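Here the structure comes first, spelled out in structure tokens, and everything after it is commentary.
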Amino acid sequence: CTVIVTRLATRDLHKPISILFCNLAVSDLFTSFSGFWISMLFITSPDITIFGSKDMLAPYALYTTSILSTIYNLVSIGIERYLAVAESMRTRFRVARSHSIAVVVISWVLAFLLGCLPLLGWNCLQADRSVSVLYSPFCVNYLIFIAIPNVVVAFIVPLFTYLRIIIILRDRKLRMKACGQATGTYKSAEVQVARTSISIWLLALVSYAPFFAGVIFDATNRRCHADLYPGVYIFRNCTAMLIPITCLGNPVLYTLKLRTLGAKLKALRGLSANRVRACAI
């Protein structure tokens, strides 16, 4: 919410990357809301979160949609950063605000279509043969269909884009060094991008790898719910706790550093104080 308010209150949304940042915050907000919904169902009726119920379809669908939207946003930000760095090499194409808005719309439409498939009938409320043990009443084949391609996209595309950014910055630094020009700016940019990309990978690994491992376990498991209780469900709850780490880490990594956040909030407070004084006068 702080990211959304700060972005909307300033003029940063004129930049294409800021639209993606704000949309990423919206996705994280949906993830937090749906996770809270599932947690309340677990507190009030823990059995339906273990054995499955029709009441779990809507919160799980919203949870899946928000996670997919977050993944697509992270991939879009990596591609946008690559195109921005390689702009001098690709003078015929420049990322505009309309492109970012189109990416946001497409990512949400795709996330809703894939995330709401269980609400449209792809669930195991009637058939118990392929029901998921960890996420009933989702079907195992649906989880595989959702998890494997999106996890591959979430890891492979950022790997390519950020490695290409580091290579481009290093090549430019070497060219400037060969011409006898100062290379401090490119060196600091290269170090910053390298640190950011490593942080992105660690955050994605910690957040999504356990969930992916749970889906693989679901696909290979042939035991019933009672045989796996409570250890496997404790693992499921831990993986659900790890995903909000992405929601907490994204603003720090992509859009807000602590000093920048403090400076912008101080500026907003100063602006509101000036308005109050002007109205009083």
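Each Cβ is built from the backbone N, Cα and C atoms, and glycine gets one as well.
Please treat TrEMBL annotations as automatic predictions, because they have not gone through curation.
The following features are taken from TrEMBL:
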type     : residues : note
DOMAIN   : 1-254    : domain 'G-protein coupled receptors family 1 profile'
TRANSMEM : 17-40    : transmembrane segment
TRANSMEM : 60-79    : transmembrane segment
TRANSMEM : 100-122  : transmembrane segment
TRANSMEM : 142-167  : transmembrane segment
TRANSMEM : 198-217  : transmembrane segment
TRANSMEM : 233-256  : transmembrane segment
Outside the transmembrane segment (100-122), six or more residues from its ends: residues with CB under 8 Å to it:
16-17, 19-20, 23, 57-58, 60-62, 64-66, 68-69, 72-73, 76, 80, 137-139, 142, 146
What average pLDDT does the predicted model assign to the domain 'G-protein coupled receptors family 1 profile' (1-254)?
78
Which bits of the chain, at least 6 residues beyond where the transmembrane segment (17-40) starts or stops, bring a Cβ under 8 A of a Cβ in it?
1, 3-4, 7-8, 49, 56, 59-60, 62-63, 65-67, 69-70, 73-74, 76-77, 80-81, 84, 97, 100-101, 103-104, 107, 240, 243-244, 246-247, 250-251, 254-255
